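Peer 1: I have a structure I would like to understand better, so I am pasting it below and will then ask my questions one at a time.
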Amino acid sequence: MLEQIRGPADLQHLSQSALSELAGEIRQFLIHKVAATGGHLGPNLGVVELTLALHRVFDSPHDPLIFDTGHQAYVHKMLTGRSHEFDSLRKKDGLSGYPSRSESEHDWVESSHASAALSYADGLAKAFELTGHRNRHVVAVVGDGALTGGMCWEALNNIAAARRPVVIVVNDNGRSYAPTIGGFADHLAALRLQPGYERVLEEGRKAVRGLPVIGEFCYQCMHSVKAGIKDALSPQVMFTDLGLKYVGPIDGHDEHAVESALRHARGFNAPVIVHVVTRKGMGYAPAENDEAEQMHACGVIDVATGRATKVAAPGWTSSFSEALIDYGAKRRDIVAITAAMPGPTGLSAFRDRFPDRFFDVGIAEQHAMTSAAGLAMGGLHPVVAIYSTFLNRAFDQLMMDVALHKLPVTLVLDRSGVTGPDGASHNGMWDLSVLGIVPGMRVAAPRDGARLREELGEALDVNDAPTAIRFPKGDVGEDIPAVRRHRGVDVLAEPADGLSDDVLLVAVGPFASMALTVAERLRKQGIGVTVVDPRWVLPVPEVLTEFAAAHKLVVTVEDNGLHGGIGSSVSAALRHAEVDVPCRDVGLPQQFFDHASRGEVLADVGVTDRNISRQITGWVAALGATPADADEVSERLD
């Protein structure tokens with residue numbers, strides 16, 4: 001049956017039994033396809049019936065469907081003609097793991113960061129009103145923890161202020177990555193269905209207000225009494241007191257019930273909340289039984305067991321997790337904060353070991369940062385573990401609430417640099433540029449697991465400024481020993497006997513391994529290279545200017561955007577120190593990258609050992625540091 005669905009129109013003629021059969025097919029399709037490619041399995045298994053109902057009730061793309069935390073949009077993609085592309089999910093030139101405007105007219109926003117959908121919906125509804133398109137509904141699907149983010153409530157406050165047709169579907173599965181926390185999560189759990197409430201209220205309003213002379217006065221009196229009773233007995237007043245209609249809660253796995261609720265909501269032509277209760281991982285036992293994350297996201301897995309087909313090598317996240325626990329055992333002032341991601345950021349083990357020193361604040365990065373400031377003011381040392389891409393959301397709080405007060409807060413930025421398959425929204429290629437403008441900020445970029453542990457310890461010893469440790473997604477690899485350490489900077493390689501000090505190659509973090517390969521390739525061409533790892537990359541260590549002065553060319557290699565990155569900072573430091581040595585930088589161009597593997601993205605932008613070797617050869621030849629012709633040497637490098 002799924003093969004016959006080319007678009008939402010193909011759903012309209014289906015009976016309830018056919019819809020139930022189709023839902024089963026969709027789940028089996030998702031399980032087998034995502035098992036082969038990796039992706040967000042649990043969230044999509046939970047929204048099958050909901051997505052079917054949405055496309056039967058609303059006319060997409062005439063009525064925009066906006067999925068908050070867009071990893072819930074796989075079923076939406078299937079129902080809008082993209083089922084045949086799922087073998088390429090999250091692969092280069094393949095199907096995106098999130099809504100994508102370039103894929104389909106049914107995808108309105110490239111949504112993947114949480115809590116933004118309601119603001120998009122508010123803006124679209126206003127635009128439709130101003131341009132005379134009053135017959136268009138805007139539907140925002142929120143949930144998977146998104147309502148723990150403050151941006152949702154800012155949007156709700158605005159949406160409720162006008163009578164525009166915005167339908168807000170709360171997909172209440174009680175979770176984001178981990179179980180959703182906080183007062184709002186408790187509030188949703190308390191809600192109960194009140195059949196006929198809105199119909200009776202509307203009929204009563206018309207009848208009482210229709211009374212001559214005293215009608216409006218009587219209505220206001222009755223409304224006040226009703227509001228008082230409702231406040232005492234009915235927990236959905238959080239929504240209704242904002243001026244939002246409320247429908248629910250509805251069994252999110254009963255397609256007929258969800259469809260009926262959505263049709264009811266559509267008829268209001270006003271802002272309305274439809275509360276749908278779903279189960280993350282529905283229909284797949286390994287996901288339902290995964291109490292930690294209900295298979296929120298997975299790699300390639302065995303369908304029968306739900307287990308990964310390959311044993312994962314030690315990763316950066318687990319290395320951080322182990323180190324933090326060790327430091328936490330020695331120091332009771334160390335506390336940890338996550339924004340709804342204890343597992344992905346490596347804090348689950350710390351939570352289990354030190355539950356009273358662990359705080360999950362929900363999807364609320366701004367609050368996390370300022371709460372950390374308060375903890376630091378109280379004499380503790382907070383460690384805020386967060387994906388690099390989500391740091392952008394808390395920049396003002398970092399600047400004004402933490403750095404301005406010179407507070408000892410340590411940021412641990414996971415998934416820094418190019419992450420790959422999750423695409424533009426999840427690459428952490430801005431953090432060095434952002435952190436570089438924060439006064440007093442100190443940033444470390446460990447090259448391996450040993451340095452991660454070491455630099456984390458050094459960060460925890462800082463008591464007069466914020467610090468950050470950044471590392472990428474993936475395997476941590478083997479430790480890379482230093483030849484020597486000079487004033488805090490590790491020297492990883494020096495020119496071989498007989499070669500001059502031609503190039504100082506400054507490697508940022510894990511790019512140290514690539515830099516060593518580049519140095520060896522250049523050595524074979526008679527170019528002497530010194531490879532250094534600054535360890536603490538911001539502010540630029542003063543000793544780097546001394547290293548630079550002893551070489552003919554400085555080259556920086558970093559997993560960050562070139563604008564405002566370490567290359568820019570090193571160049572500025574050389575100018576300030578009046579060291580007149582040319583400086584070239586290798587990094588990421590200032591653009592958004594489509595989804596692909598990390599290696600594919602880096603290759604596309606020329607950040608490979610071969611290409612860097614060719615570039616440096618040309619630069620050295622242009623400086624006259626070697627008599628070899630640049631083109632000739634480049635050919636030999638190939």
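Quick reminder: no glycine exception, Cβ is built from N, Cα and C everywhere.
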Peer 1: Pick the one from GLU3, GLU365, GLU454 that Swiss-Prot also lists for the thiamine diphosphate site with HIS71, SER112, HIS113, ALA114, GLY145, ALA146, ASN173, TYR284.
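Peer 2: Given HIS71, SER112, HIS113, ALA114, GLY145, ALA146, ASN173, TYR284 bind thiamine diphosphate in Swiss-Prot, the matching entry from GLU3, GLU365, GLU454 is GLU365.
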Peer 1: Per the record, thiamine diphosphate is bound by HIS71, SER112, HIS113, ALA114, GLY145, ALA146, ASN173, TYR284, GLU365: how many Å separate the farthest pair of Cα atoms?
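Peer 2: The two farthest binding residues have Cα atoms 32 Å apart.
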Peer 1: Relative to the Cβ position of GLY145 (thiamine diphosphate binding site), how many further Cβ atoms are located within 10 Å?
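Peer 2: Result for GLY145 (thiamine diphosphate binding site): 29 neighbouring Cβ atoms inside 10 Å.
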Peer 1: Within 10 Å of the Cβ of GLU365 (thiamine diphosphate binding site), how many other Cβ atoms can you find? Include all protein chains, please.
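Peer 2: Other Cβ atoms within 10 Å of GLU365 (thiamine diphosphate binding site): 27.
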Peer 1: Long-range neighbours only, meaning 6 or more apart in sequence with Cβ under 8 Å: which ones does HIS113 (thiamine diphosphate binding site) have?
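Peer 2: Result: THR69, THR389, PHE390, ARG393, SER425.
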